[in-house]
Amino acid sequence: MRHRWEDRPVAPPPDGRPTEYLPFRQERGRHGRPGWLKARVPDGPGYREIKETMRGLSLHTVCEEARCPNIGECWNNRTATFMILGNVCTRSCGFCAVLTGRPQELDLEEPYRVADAVKKMGLRHAVITSVNRDELPDGGASVFAATIRAIRREVPGCAVEVLTPDFKGDRDAIKTVIDARPDTFNHNIETVPRLYPAVRPQAKYGRSLEVLRYAKELDPGVLTKSGFMVGLGEVEEEIVRTMRDLREHGVDILTIGQYLRPTENHLPMARYYTPQEFARYKKLGLEMGFSHVESGPLVRSSYHAHEQTEDARRGALGARG
């Protein structure tokens, strides 16, 4: 049986040594994952309430679709990331658990149901993401904008963060989202440039950097955010270079987390990073000038999103003196 990542060769790392990957059974075995990667089984009143709300309004969350390990903690803290534009993606990234295929027709009522859910859940910080919809002329940007505006009308005091696709670099699409005035604009770089052919074969590293730069150019007041995974075979100098690239393109908030292979059909994992290594990257990121760095084994884009935004705002105000 061949896997979808096996036809995606990448260049060797800068040190020239071939990358060795962990066998899937070792990753998932009883003694495979280190203790710091153990997450609680999702349960609790907050978790059940959010699940019922999402089901009742026919909404999707990336928490479920991408099999996020933090779903129990976040949902019990009344934090969820809404996934708009359906749950079928037009791309086939090597790390992602979201279904790939032909997407459904657009649901034009979805933005209003998301706003209704935000109101019912009493959220102070809503995160909106989506699958890629490359078949749409604007990549779904207009639906992002409609969702932001619907939340503003229903819950005026709620901060809105968007985690967008790259819209194939379409500046008009990026402007459509920024014109709706999100508080935070997030687009993930995901990995180091050398690994793009395997990890993000339909994306371009430079294009993602330009999306972030252009969003900040359009609205200097918006917080920009990006993140990447480690454990895919990158080396230290590539991690540091990627962090510098993001900072040089105006990114305010950085997230770094451990890649965890969703299934045997996804990209293999090279190694586990320790909590001490993540702490070192956080320190380095703050020294580079990021307003906030969330770096840890179980960190994902929206993990502690409200706290990230508040901390970054304080940092930006402090920098202005």
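Glycine is no exception: its Cβ is also placed from the backbone N, Cα and C atoms.
Residue ranges 175-195, 301-321 are listed, and Swiss-Prot annotates 301-321 among them as region 'Disordered'. Take the mean position of the Cβ atoms of CYS89, CYS93, CYS96, the recorded [4Fe-4S] cluster 2 site; other residues of that chain with a Cβ within 8 Å of it are ARG91, SER92, PHE95, ALA97, VAL98, THR100, VAL131, ASN132. Counting residues per DSSP class in helix, strand and coil order gives 10 helix, 0 strand, 1 coil for the compositional bias 'Basic and acidic residues' (304-314). In this structure the C-alpha atoms belonging to CYS96 ([4Fe-4S] cluster 2 binding site) and SER302 ([4Fe-4S] cluster 1 binding site) are separated by 16 Å.
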